[in-house]
Every structure is written in C-alpha cells, then in structure tokens.
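Chemist: One structure is given below, represented as structure tokens, and several questions about it will come after.
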C-alpha cells in the first residue's frame, strides 16, 4: 500500500465512522482494504518505562465501518502478560483478552494488557482471523494506568508484510479531565485522506518513523537496561472495583 494512504488519527470517543451512511458509500470507493488472516503488532518502545509495555484496547472495523467482533481465540501476545514472569501462574488480570473486551476507558488496570519487556525480545500482539477479513481501520487505546508504560514506537505487519510504522500518543495525566473520562485513542486508517472530515484532518499525526530507526532504538534499549532491577507490578484477579 502507498504510504500516503495510511495515516494515524487521534480522537475521542466518537470515531471516524460516526456519520451518515453517505459516508460509507464514499468509503467503499476510496478505501483500499486489507483482506488478510493475521495482523501482527510489533511494540518497539514505551513512553519511558524500561520494564513493562501495555495497551488498553484494540478495535477492528470492516469495510462498512462496523466493529468486528473479536473473541479470545482471535487475540494473542508474546510475551503473554506479566504472568509470564512467573510460569504456571495467572494471578494478574491484565491478559491479552482484555484488549478486545470493549472496556477501553478504564484507568485502574482491570481492562488492559501489559507484558514484561525482555532483553532481545520484541513484544508482539497478534489478531488472527480464521478466514480472510477486510479491515478498514484499527483503533488503538494506549495504556492508561501508568502512561509511561504505554506504547510509543510500533509497527504493523499484515500476513508478514510490513505496512505501517508509527508513534502512539501518551495518555497524559490530565486527559481524564480534558476528555470527560474517556481515554483518547489513535486510529490507523487504510484509506485515502479524502474520506476524513475537515476537523478529522486536523487530528492526523505525521510523526512516523522508519523501520530502520525503530530497529536501532529497540537494540539500544535492550543493551542499556538491567532487567534484574525490574520492579514488581500486579492487578490481582480478585481485585474489587469501587
């Protein structure tokens, strides 16, 4: 896909497709869809934390702008979660299935995913379909409980083909006040920018970085961190919400 057809947009709770059906008709004409089996996110760097990396949520949308229903069978991650640090345990609730449970605005950690950063390992998230599936856009909610652990640099492979490299926004400390307690999200659009409304064009992020730069930054991170000093983190499964 041509680089100019993919952009990273930033939004609130309302999405790109929250407009009349005439919008969908234009979408069908202008959008170049990916119709594939496996969408693989490579998470290369955080917004500062050296030991853990996480996200709040993911949503995939079809060629009609409808959200694609995902189940636990569609999602996987490596490393799986912080539970990977203690094989045989599943005490921490922040597992890959939380990425697709639709609860993306929580900031207490009960509906998010987080995993350890390991030396010489790229953290990965897989969304796997059992048949070729058309995807028009992907919404990504960054990790909100501890914003420094949110994803910064990432890349996206579709059936092993690199189609995107970019930067996710950090959840700021005052975002809850600014956005009415909604965690902001980023959107990968597989379409021409002409499909965007004028106000949406102003939200498009141009902070893309090359795959070569990402690889270099990942290598430098691995060499500089003493993982024996990793702090503990936990959100127990029996945690009560208030």
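Using the three backbone atoms N, Cα and C, a Cβ is placed for every residue, glycine included.
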Chemist: Write down the single range among 187-214, 215-242 that appears in TrEMBL as region 'Disordered'.
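Modeler: In TrEMBL, the region 'Disordered' feature sits at 215-242.
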Chemist: What counts of helix, strand and coil residues does DSSP assign across the domain 'KATNIP' (29-170)?
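Modeler: Going by DSSP assignments, the domain 'KATNIP' (29-170) contains 17 helix, 66 strand, 59 coil.
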